[in-house]
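To keep things clear, I will list the structure first and then write my remarks on it.
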Ligand SMILES: NC(=O)C1=CN([C@@H]2O[C@H](COP(=O)(O)OP(=O)(O)OC[C@H]3O[C@@H](n4cnc5c(N)ncnc54)[C@H](O)[C@@H]3O)[C@@H](O)[C@H]2O)[C@@H](O)CC1
Ligand SMILES: Nc1ncnc2c1ncn2[C@@H]1O[C@H](COP(=O)(O)OP(=O)(O)OP(=O)(O)O)[C@@H](O)[C@H]1O
Ligand SMILES: [Mg+2]
């Protein structure tokens, strides 16, 4: 695990005065609806805190003023439930380095239909996508949407992993072999990268398996998966930019996922040390800077 941290360090771009705004990452979050406005915020602000330069949120018209009110740093587009949602997002794709699809998306059929079009447009432009939360609900319904897309990373929790496996694998889940279960799901989806979050995070691209057991915390408050998916959006961009020569034979997406899992757990650990049982994801977002420095810059 120690040299895996070195692989993550290898993909982190240097901070220099020679760069222009946006060069270190322009990330789009697709999600945010009437019920859920926190999740897309957590994902978007985490991307900025990890080191992206710009964070866009593409959400429903109703959710937009709420998410805008959380932070001036976010660029919030109230388009996800518009009749031209796909075109409204697609026109931004040339200016985005990665999309994080799902935080706070909800399961409205109309929104899922729009997100299907957005995913197809993203694949057509070779945009890397992290798919989380209710984006995974859509994938479980229509696995062909990302089948074989090598620039896709899925980040299911326990329930989402089960739903995906039941949708894609015929034989029942073998819970006694977590590595094998993630390997098989990745292979069945055409070697997309899968992160099964849990007491230990298991990551596979259908060829290799990494496990993240970085000490986290025993707080299971909502939103931690959104911090992970937002951080992962940036790390995916950096890892693909750095290329496989910097990741010592591991797939860049595998290394990016290990980095995001480690960072999320470290944030949880540091926040829990300060706040104990009252820890929330907001406290964890505040720890992104110090946790990143401790894991990857010291
Ligand atoms: N503040 C917010 O706006 C938040 C919104 N969220 C959104 O809520 C939507 C649904 O997310 P959910 O995570 O509820 O997804 P699910 O609808 O898949 O719920 C997961 C269910 O599985 C159960 N579960 C989780 N881990 C388990 C385990 N280890 N063993 C057994 N059962 C387990 C949970 O109790 C939960 O009921 C997503 O779009 C998500 O982004 C969440 O991210 C939480 C925060
Ligand atoms: N039992 C556990 N012990 C330690 N860490 C855990 C445990 N379960 C999950 N985690 C960690 O908590 C974080 C979020 O995982 P979780 O399964 O809660 O995702 P999620 O349900 O998608 O979260 P969200 O509420 O954002 O949707 C990950 O970093 C994961 O590694
Ligand atoms: Mg989640």
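Including glycine, each Cβ sits where the backbone N, Cα and C put it.
Site annotation for (6S)-NADPHX in TrEMBL covers 157, 158, 159, 160, 161, 162, 163, 226, and the matching candidate from 104, 106, 276 is 104. In sequence order, 195, 211, 212, 213, 261, 265 are the residues near residue 201 (ATP binding site), counting only same-chain partners six or more apart with C-beta under 8 A. Here the CA atom of residue 160 ((6S)-NADPHX binding site) lies 15 Å from the CA atom of residue 199 (ATP binding site).
Put simply, of the binding-site residues 197, 217, 219, the one whose Cα is nearest the Cα of residue 226 ((6S)-NADPHX binding site) is 197. Each of the binding-site residues 158, 219 was ranked by the number of other C-beta atoms within 10 Å, and first place falls to 219.
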